[in-house]
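According to TrEMBL, the protein has these features:
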type	residues	note
ACT_SITE	Lys44	active site, proton acceptor
ACT_SITE	Tyr271	active site, proton acceptor
BINDING	Arg139, Met319	substrate binding site
DOMAIN	250-375	domain 'Alanine racemase C-terminal'
MOD_RES	Lys44	N6-(pyridoxal phosphate)lysine
Amino acid sequence: MPRPISASVSVSALRHNLAVVRRLLDQDAERAGAQPASIWAVIKANAYGHGIERAVAGFSAAQGLAMLDLDEAVRCREAGWGGPILLLEGFFQPADLDLVDRYHLTSTVHTHEQLDMLATARLSRRVDVMVKLNSGMNRLGFAPHDYAQAHARAVQLHAKGVLGSVGRMTHFACADGPEGVAGQLEVFGRATGGLANGPVSVCNSAATLRYPEIARGDAGTQHWVRPGICLYGASPFDDVSAASYGLRPAMSLRSEIIGVQNVPAGQAIGYGATYRTEQAMRVGVVACGYADGYPRHAGTGTPITVAGVPTRLLGRVSMDMLMVDLGPAPSAGVGAPVALWGEGGPSVDDVARAAGTIGYELLCAVAARVPQATRP
Ligand SMILES: *Cc1c(COP(=O)(O)O)cnc(C)c1O
């Protein structure tokens, strides 16, 4: 028998979450009499830990898929995805362009080196590109003063038959926080406003949920949003839950109680003796530790659900186990089900907050040794 831990992914939750985003964009566009945005469902990092093939199934109604790894792009095609695929970091070396060509991938272009590689490539068809602006995050993209020249180079390559559509794109650093997107959006407008009418893409999950109005298209411009985390039912925000948007957790991490200790008052629990019982307690031992991807920095008080009852973690998380307070669940013993996050348990965001991180990191970090199952 394997250990009782497993992660299950609900394809219907993925589908539901995509529909939530779709509805939000459609309602906004309808109010404004605009063209609704198209959706590139972001499935980088093995679909945020959920599995590429499950994501291809769950996001079959998306207009496109976006990711980083050429391998993942190939897996999407092999899983039957025929629509657009955007490479968020583009390609890295000339040989990558063979795959871009063969699998008909759309590429972000964010360096002159990439334009050089395109200029000398031998391709069987035109490559669609999104020319990326660094509008203030200072991660990928052409600087504002360089953007018009880079875009003009791409338009020249279009004229030579190398490139297909030439779009404009940027990424927000603070769409989830008080700073918002206005400053970067202004830089984007100034740097790209006068340029030809290719597609435009600026919004991640936070911007899509918070500012759907900036993703409106019109007769001349197709807008694409790039939501990731919200499609998996987790929140891009510190202070607004995914549930408040009607999103459903796609991944549920579950295990079982594999031992029970009746601990007298004044005893310590776990490595480092960081928690001491104030009174006699029943303590459950759960088959889940940091080697499974559960965050070691989650301390006493982190929410966890045992036999359907919300309770709390006690002491330090070990490599393979963690301990919980069975006080609220007096009838739970060995074999009782434990929901670490997801359906029937705390949200991954609540666990992440208790560990000083974000749901994104926990979802991506579920270890390979945890068996994954697909729910319909
Ligand atoms: C990861 C990523 C996204 C999606 O971000 P979320 O916060 O998960 O919605 C969008 N665009 C780019 C360029 C990304 O790297």
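Every residue, even glycine, has its Cβ placed from backbone N, Cα and C.
Where TrEMBL records a feature, it is marked here on the structure.
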residue : record                       : DSSP class
Lys44   : active site, proton acceptor : helix
Arg139  : substrate binding site       : coil
Tyr271  : active site, proton acceptor : helix
Met319  : substrate binding site       : coil
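Of the listed recorded positions, namely Lys44, Arg139, the sparsest CB environment within 10 A is found at Arg139. Counting every protein chain shown, 12 other Cβ atoms lie within 10 Å of the Cβ of Met319 (substrate binding site). Long-range neighbours of Tyr271 (active site, proton acceptor) (same chain, six or more residues apart, CB within less than 8 Å of its CB): Gly315, Arg316, Ser318. Mean per-residue pLDDT, taken over the domain 'Alanine racemase C-terminal' (250-375), amounts to 98.
Lys44 (active site, proton acceptor) and Arg139 (substrate binding site) are 17 Å apart (CA-CA, integer value). Rounded to a whole value, the Cα-Cα separation of Met319 (substrate binding site) and Lys44 (active site, proton acceptor) is 27 Å.
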